[in-house]
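**Student:** Not my notes, these are from TrEMBL:
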DOMAIN    9-509  domain 'Major facilitator superfamily (MFS) profile'
SIGNAL    1-19  signal peptide
TRANSMEM  74-90  transmembrane segment
TRANSMEM  96-118  transmembrane segment
TRANSMEM  130-152  transmembrane segment
TRANSMEM  164-185  transmembrane segment
TRANSMEM  235-252  transmembrane segment
TRANSMEM  273-291  transmembrane segment
TRANSMEM  311-330  transmembrane segment
TRANSMEM  351-374  transmembrane segment
TRANSMEM  386-407  transmembrane segment
TRANSMEM  485-504  transmembrane segment
Amino acid sequence: MGWRTWLVVFSTAFLAVFAQIYTTVSAPASITFTLKDVGNPNLSVWVIQAPLLIQAALNPLLARLSDVVSRKMFITILAFLALAGSLLSAKANRIGILIGGGILYGVALATISIAQTIPAEILPRKYRALSNGISFLGGSTGALTGGFLGGYFCIHPNGWRKIFWVQAGLYALVVIFVFGFYWPVKRFQPAKRSWRKIMWDCDPIGATLFVAGSTGTLMGLNWASGSYRWSDPRVYATLVVGLSVLFAFGLYEWKGRDDGLVAHVFFQAGRNFPLALFAMMVEGWMFYSAINTITPQMHLYLGWAGDSLQISIRQLAYVIPSILVSVPIIRYSTKYKDVKTPNPEWMNAQLAIGFIGGTGQAAPLTLLISIVQFTAPHKFLSNATGMAFSIRAIGGACGSAVLYTIINGRLRSNYAPKVAGAAIGAGLPPDQIPAFMAVMAGGNGPPTLGGLVAVMSTAVPSAKVAAISAAQFASHEMYAKAYRLAWASIIPFAFLALVCVSFLKSVKAFMTDTVEAPLEPERLEGEVEKHWL
């Protein structure tokens, strides 16, 4: 394997995934500060969830298209669309434009399956854990960079716009590197096929059912996350329709055709495919909802950090261990062919919990994707990878909806009476409660006691420091109880994922020297082992 192979591995496995994870982390990490400029916080969930929805809905379809037509064409064109979406978001002056930009760069997120398929097929099969490990390192460093730069930029007014300028530069590099260096060798002349045959190979019926069903399901879950209650017809009607269409999709893929988006060949290797997909869904549930969205809010609403930079620094306790621990995991799995509750006072304990969580996340994305890929023949390789990432995104959307429902339900019924009662108990006149709670509503008062006192001195001049302090403490307590319930809801799913992983079969027999789509006519055997092992 020559330098061009390794440059393409870097461009796709590291750089493209770096850009995509930077995208998914930086926007949620800075959303609280972005809303100060674009307004309409009720739609804020769509800034985060619209790209995930696009990823979940389009991932299998784009992956299948890349299997049938061309990987290079799709990853290049869609990275260019992400570049345009990033520029649009950087110039946004209202939340609708920001969401529109998110839809554009969300299309590029749906190419993560292609980005991780390319290195898997241009390297020997025995190095799939290595190629997916490089992707994990790219994603982890992208998360580290996105979280830190997001926090740093948002210290300054309108600083969140710089997040998207950096994002635009990353996607520009992806376009340049992939277009310039990814030219796979044609090992045989493909038979000419009509466009009708190509379209049928892409499973148009299954793709339509999956896109419609997943879109409806995810929209219903996103609306339930904060915009509307579960009892609202817009939520349950959309969910029922979406889930019904997904059921029809499953029935069609089972009985309608055996080479569709969920090809039957995936299951012929045994139980690994469904077990790995379930574990991926739980990992997405935990990462996108609890780690990526809820944890930054905990720092702010429980008084652990006062600005975006402090939040980003505290998040390093999760990100850095996941990067460091992934290296020995990659090395071991490649060499041996083996891929088989918070309180407000927990300011320091949360760092230790984050460290443990980051250590645990190093393995799933490094190894589960490899297991999924080993269940698929080469012509379905990107298809299988795309299905895994789609399931992960759906898990993230489900997790966000469930966790937000738990948190908002707890706060809706307990926050106002508890905080108001604490303020009155500390001497605040009852007739001042409406103005006082207008500042405290939803926990959106300034995070520090000094900042809150400064705001209250203008909004409620009669409020004493003792009353403000008591109300802030009660606010922290209410949020802590809500977050405890949310985290507790994850435990059963994590346990089920552990059970699934324990029943995975060994894939050692599949980890061979075969290269399924070499970039160069001649490969230098053993080069990887010499430098890596």
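Yeah, the Cβs are placed from backbone N, Cα and C, and that goes for glycine too.
Nobody curates TrEMBL annotations by hand; they come from automatic prediction.
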**Student:** Would the transmembrane segment (485-504) and the transmembrane segment (273-291) count as touching if the test is at least 3 Cβ pairs under 8 Å, pairs 6 or more apart?
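**Tutor:** They are in contact.
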**Student:** By a Cβ-Cβ criterion of under 8 Å, what residues six or more beyond either terminus of the transmembrane segment (386-407) are in contact with it?
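**Tutor:** For the transmembrane segment (386-407), the list is 45, 48-49, 52-53, 55-57, 59-64, 110, 112-114, 214, 217-218, 221-222, 224-226, 230, 261-262, 276-277, 280-290, 293-294, 368-369, 372, 482-483, 485-486, 489-490.
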**Student:** Which one, 74-90, 96-118, 273-291, has the most C-beta pairs under 8 Å toward the transmembrane segment (164-185)?
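**Tutor:** By Cβ pairs under 8 Å, 74-90 leads among 74-90, 96-118, 273-291.
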**Student:** The transmembrane segment (96-118): which same-chain residues, six or more beyond its ends, come within Cβ distance under 8 Å?
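**Tutor:** Contacts of the transmembrane segment (96-118) (Cβ under 8 Å, skipping residues fewer than 6 from its ends): 8, 12-13, 16-17, 19-20, 23-24, 27, 34, 38, 43, 46-47, 50-55, 57-60, 62-63, 66, 71, 74-75, 78-79, 81-82, 84-90, 131-132, 135, 164, 167, 171, 182, 369, 373, 381-383, 385-389.
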**Student:** How does the model score the domain 'Major facilitator superfamily (MFS) profile' (9-509) in terms of mean pLDDT?
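**Tutor:** When the pLDDT values over the domain 'Major facilitator superfamily (MFS) profile' (9-509) are averaged, the result is 80.
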**Student:** Quick test of the contact rule: Cβ under 8 Å, at least six residues beyond the ends. What residues does that give for the transmembrane segment (74-90)?
**Tutor:** 12, 16, 19, 23, 62, 65-66, 97-98, 100-111, 114-115, 118, 161-162, 164-165, 167-168, 171-172, 174-175, 178-179
